[in-house]
């Protein structure tokens, strides 16, 4: 990717020449600023983690939530402008959750002529068969979904699975691991799966959840709720979200500082004895 292309410059062209998804987007100064900020965040992550190789094919996971819609829209925005020379295939895995509106995502993708694959796999029955109703389904559900997405990526000849985790997801995961797992770990912008044949990419790791929420509302995406199964995300993650939002409220800018810290790690100044052979 050319690093000397300025997001501000190509957005000065206006909205007449843009991906069809943006044809009815707001033309306000506020939305322009939001869109440019998110695109800068995305390009920075793509550059920082060397995500891009020309001619690749990416499988973009689409759950129907605000973040996955935003991820797809911003990737298509860059691709439309010639700044993302990869083939994009959107993919939704219908996991058999009761009440899941099967028509929403296919209708949305077809309306914009976005290449896609919709697959049904009843992982919901597997999860409910293994866990009690009082337990949180999210972790097992996520692992089963990831396995199917890896398989689909291979079947479709994709080099990478692209996920919509943003800055706040990264920080919440870091503090969950710190407080409850006793380890320093978060969500990387780029990793290789255990089999070594697929990359997992997170181009939104620098994007704020607040910005993604505003973007989703402005674009009027047909959001599908994530709690159709009746399970709520764990109390631990919710507690981390509340803590981080409180810190940000009292000391604005701390979330960005924390993300910078995760990009500036000094292992020799930590206490992992495996790092010391002298």
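The backbone N, Cα and C atoms fix where each Cβ goes, glycine too.
Looking at 63-68, 69-74, 75-80, the range tied to motif 'PP-loop motif' in Swiss-Prot is 63-68. Taking DSSP states H, G and I as helix and E and B as strand, the motif 'PP-loop motif' (63-68) has 3 helix, 0 strand, 3 coil.
Cβ contacts within 10 Å of residue 141 ([4Fe-4S] cluster binding site), excluding its own Cβ and spanning all protein chains shown: 20.
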